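Participant: Take this structure first; my questions come after.
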Amino acid sequence: MFNYEELFQTHKTPFYLYDFDKIKQAFLNYKEAFKGRKSLICYALKANSNLSILSLLAHLESGADCVSIGEIYRALKAGIKPYRIVFSGVGKSGFEIEQALKLNILFLNVESFMELTTIETIAQSLGIKARISIRINPNIDAKTHPYISTGLKENKFGVGEKEALEMFLWAKKSAFLEPVSVHFHIGSQLSDLEPIIEASQKVAKIAKSLIALGIDLRFFDVGGGIGVSYENEETIKLYDYAQGILNSLQGLDLTIICEPGRSIVAESGELITQVLYEKKAQNKRFVVVDAGMNDFLRPSLYHAKHAIRVITPSKGREISPCDVVGPVCESSDTFLKDAHLPELEPGDKLVIEKVGAYGSSMASQYNSRPKLLELALEDHKIRVIRKREALEDLWRLEEEGLKGV
């Protein structure tokens, strides 16, 4: 059992705490699942892009799935090799494309014909051949939250089969494009294996057709999306996921690229917060804590439910339903409704569980609240991996503008 009390002697709440041993094991589980075939596990930085987490994964020979030039430079800074980096995203700017090509990353996942011709023009100006992959939208329902579904025709991501074929043929004829991969990603927090296998089989069939047309594919990029159990719900077994994809690739000599994010880091993270007040309003019990929706947005944005437990001794206190809420001036600043918690006092400490993914990476300074301290637990030792922002950091980049006032 981890001794939180020692932690509270040196660090004030709220803060994030990550168990690096859990991250390491989660990544190694992916490597083991795909070991029967040439594969590259590209961690999706969007889930959590802390440099120390990236460095840990770099030492395990992880690749990186990046969706901005900032994420690419983060990956490189942490030691991930350029030839293990893929650049995804529906809205890459010309500057980002140029930088990515100059850095000689593995390839760019292309989302539209217009983006393809933009990459071609930039590659021509640089006098190089751009390695590209085309993201195919298989029009398959991932059966997940609509905000994180990406594989239906009404979603903004990828292109249909007909347009993908036209794009591949265009790239094949171009002196400045080199099509090396097919790509799909139907959504995040997936709990049903069937849509993933269906998409994999559909795109594998397309890949075979492309190879028959003389397109020299080398990679099969399956995206990510395996969900984690936030509320004890059924999740996809990694072995079944890997075997389903491997079976769909029979007859294809391609390296599999998998882009997990949430399933690598989610369960490693805790948000430690303390009670400021208890209040009752018209017989409704509220527990007000010092963390807010700016620190952890998922419950407010997705109505996501994360278990909350009390780590301050509370034996003998009466348990009753309550809403755990933050101090931000929004009614949506709620971490959990109808949580069954004991009567709490100011200073009592709570843990919000499984916040390693899309926690700190989605945090903001809303309400002029500094971003949180982040700590790592590794080999039974605690170290700081991101300092808490100071109040002065909130306006540091704005001070120059005051000189003209």
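Glycine is no exception: its Cβ is also placed from the backbone N, Cα and C atoms.
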Participant: Can you tell which of TYR277, TYR302, TYR358 Swiss-Prot lists as binding pyridoxal 5'-phosphate with GLY225, GLU259, PRO260, GLY261, ARG262?
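Facilitator: Looking at TYR277, TYR302, TYR358, the one Swiss-Prot places in the pyridoxal 5'-phosphate site next to GLY225, GLU259, PRO260, GLY261, ARG262 is TYR358.
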Participant: Distance check, please: Cα of LYS46 (N6-(pyridoxal phosphate)lysine) against Cα of TYR302 (substrate binding site), rounded to an integer number of angstrom.
Facilitator: 16
Participant: Using a Cβ cut-off under 8 Å and a sequence separation of 6 or more, which residues in the same chain sit near ARG298 (substrate binding site)?
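Facilitator: Listed in sequence order, they are ALA304, HIS306, VAL355, TYR358, GLY359, MET362.
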Participant: When the Cα of GLY225 (pyridoxal 5'-phosphate binding site) is compared with the Cα of each of the recorded positions TYR302, CYS329, GLU330, which one is closest?
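Facilitator: Nearest by Cα distance to GLY225 (pyridoxal 5'-phosphate binding site): TYR302.
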Participant: Counting only residues 6+ away in sequence within the same chain, which have a CB under 8 Å from the CB of PRO260 (pyridoxal 5'-phosphate binding site)?
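Facilitator: Expected: TYR30, ILE41, TYR43, ALA44, GLY224, GLY225, ILE226.
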Participant: Of the recorded positions GLU259, GLY261, ARG262, CYS329, which sits closest to TYR302 (substrate binding site) by Cα distance?
Facilitator: ARG262
